[in-house]
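Written below as structure tokens is the structure these notes are about.
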Amino acid sequence: MPVEEGAYKKNGEPKKFDPDFKGPIQNRGCTDIICCILFIVAIVGYLAVGILAWTHGDTRKVIYPTDSMGQFCGQGKLQKQPLLFYFNMMKCASPMVLLEFQCPTPQVCVEACPNRTMTLLTAFAKKTDWEYYKSYCREDPGVKPVPQILQEKLCPAYLISSKPFLQRCFPSLGKKGEVITVGDQETFNDGDKIRDAKDLVAGMKNATIVMEGRQVAMKIFEDYTKSWYWILICLLIAVVLSLIFIVLLRYLAGIMVWVMIIMVIAVVAYGIGHCSVKYVSLKDTPGANITLQQLGFQPDFSVYLHIRQTWLAFIIILAILEFIIIILLIFLRNRIRIAVELMKEASRAVGFVMSSLFYPIFTFLLLTIVITYWAVTAVFLSTSSEPVYKVFNETVCEHSRETCIPENFSLSDMKKDCPRSECLFAFYGGETPYHKYLIFLQFYNVFLFFWCANFVTALGQMTLAGAFASYYWARSKPNDMPAFPLFASLGRSLRYHTGSLAFGSLILAIVQIIRVLLEYIDHKLKGAENKFAKFLMCCLKCCFWCLEKFIKFMNRNAYIMVAIYGKNFCRSACDAFFLLMRNVIRVVVLDKVTDFILFLGKLLIVGLVGIFAFFFFSGHTDAFKGARPSLHYYWVPILTVLVGSYLIAHGFFSVYAMCVDTLFLCFCEDLERNDGTASRPYYMTTELRDILMKDTDAAQTLT
């Protein structure tokens, strides 16, 4: 097929005919060795960071409350005292609580919250009350008089009837009309004077606000413990559906593609109908007409489902999605017919390399290891700080908020200068070199996570590319193919091209970490009024998002060329880029249309599994009410199922996507190397040649 020389010079030199070329090169050498060594060193450093974090970290710091001495309630010698009791809850009203996450009042671990309201003075006068009262003291006061006990802060000045909440004792507040009460009383004695019960509200608010995030996290964790097996069942359904679709694509590619398209339109249309019914049904419901802005953020997402505006938003989003899909289908109907034929050819290739269908499971397991290691290391790094103690004082003191050592505090100059001061646990931190560089270790943890995750994905892409290239470049299929093409390709990738895989994934990881830093900076500058800074940040985020997508596209095609020719990453990326530029219209009208079809397949699987999960976990259907677990937030398992189903579907359909991309690049090279004559016959099958020659627009790039 004649080609204009000017076009070739502009987009690189085309491949020449080589009678000895028979597919993926067997005689090859190691590529990008320096990057391979760098990657190995980085992994060793990553393991060292993990060991360091596990040595210093203690997850109890985020699970259990800590008393004034830095001891964990419910652990060790305090195993029978799981609740934290505050001597003076009103001290928690200080703004410093929100900064230091600790109330400036002594705190002790107790077995149960007090169920009586009394003062130290009244309890001291009665033996039975005094025995009960002493269980809330820091230590046994013995025969010391009440003034000395209060001065040394051995016991609280008063007890208030309380209830446990988030492993802490909070006063049992109630209401009589509009008046706040505690223990059915409007006032209480704090040991010095009579106070109103409402004085406790500010302290309780500050003490609870620093734990609201933990409360939501613990409820989510509890929901997972109750629903994990049902989540696994839903994900197993996604696996089965994905396998069924893949197998049917193997034998009924043409029919299945149109079935997927029609079912996606039907599922989205059903979603629009269901949301419309809900929107209309809430018309006369009290409180359903408030706006989402008025409602604000609610951790219980089910609250939003009782608001009409929520369902209206769903209707608009689904309607826009339906409109876009239908418009694309109308304009791409001719391309889709050709793409369907290309899918059939990909199905034949998958049929000769059936083990490729199960390769995503291997990739998933490797990614699970990477994600688990990153998460565990991050948790241990964040909990590897040491307890920091500070001076808290009820009166003006020059040493207030200074760090102190509790063991030596009673004899220190600070105590002499401020007799009423206390050395109390403030927060977790540290001044050692290790603690000073914790932020850099966390950064290294995130960076290596991106690098390793991209490496695992790249390994899968190169392995599949090598296997499908073995299919394409075989004269007689499957006689000229290796016995185990997938394992042979995996061996070549690891043995010769670990450096190239590390190189490509490193470039992508650098761009991704820059995007993370931009998001962090944007979050810090949210309160800034500088419109130019906001505009610049928006432009940078957009540019790096586009850059990441482009690098992913180029890496994918570079790995295909590395798998075939065994050249280094940069040379392969250049070859792939110029080959695609010489066939740019084919890339747009064929390769990307198949990506769109596969994306619709993923949407269909996610939609089907998501609808089932919604009706099961939300309890909107009577058939599932008996088996449905009792949950705080039913959106937790639903969201998990949706994300998991998409990842599963993406894993299985990525095999087809990689097969199509590999066949496409091989086809373009085949056209340049050969001319279809007896001396230079094409390697492509007759079916594939007929498919890709149907598009006259694409053919113009080669004429």
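Backbone N, Cα and C define each Cβ position, glycine as well.
The transmembrane segment annotation in TrEMBL covers 33-54 (among others). Cβ atoms under 8 Å from those of the transmembrane segment (33-54) belong to residues 373, 376-377, 380-381, 384, 434, 441, 444-445, 448, 451-452, 455, 498-500, 502-503, 506, 569 of the same chain, restricted to positions at least 6 beyond its ends.
Taking Cβ pairs closer than 8 Å, the transmembrane segment (228-248) reaches residues 256, 260, 350, 357, 601, 604-606, 608-609, 612-613, 616-617, 629, 637, 640-641, 644-645, 648-649, 651-653, 655-656 in its own chain, all 6 or more past its ends. The annotation transmembrane segment is assigned in TrEMBL to 228-248 (among others).
Sequence annotations record features per position, and here TrEMBL assigns transmembrane segment to 255-273 (among others).
Here TrEMBL flags 311-332 (among others) as transmembrane segment. Here the transmembrane segment (311-332) has long-range neighbours at 261, 264-265, 268-269, 271-272, 275-276, 278-279, 282, 292, 305, 593, 596, 600, meaning same-chain residues at least 6 beyond its ends whose C-beta is under 8 angstroms from one of its own.
The annotation transmembrane segment is assigned in TrEMBL to 352-376 (among others).
For 448-473 (among others), the entry in TrEMBL reads transmembrane segment. Long-range Cβ contacts of the transmembrane segment (448-473) within its own chain (Cβ-Cβ under 8 Å, at least 6 residues beyond either end) map to 21-24, 39, 42-43, 45-46, 49, 349, 352-353, 356, 359-360, 362-363, 366-367, 370-371, 374, 481-482, 485-486, 488-490, 492-494, 497, 501-502, 504-506, 508-509, 512-513, 555-556, 559-560, 562-564, 654-655, 658-659, 661-663, 666-667, 670, 683-684.
Look at TrEMBL and you will find 596-619 (among others) tagged as transmembrane segment.
Tertiary proximity for the transmembrane segment (631-658) is limited to same-chain residues at least six positions away from its ends with a CB under 8 Å from its CB atoms, namely 219-220, 222-224, 226-227, 230-231, 234-235, 238-239, 241-243, 245-246, 249, 299-302, 343, 346-347, 350, 356-357, 359-361, 363-364, 460-461, 464-465, 468, 556, 594-595, 598, 601-602, 605-606, 609-610, 613-614, 617-619. What TrEMBL records for 631-658 (among others) is transmembrane segment.
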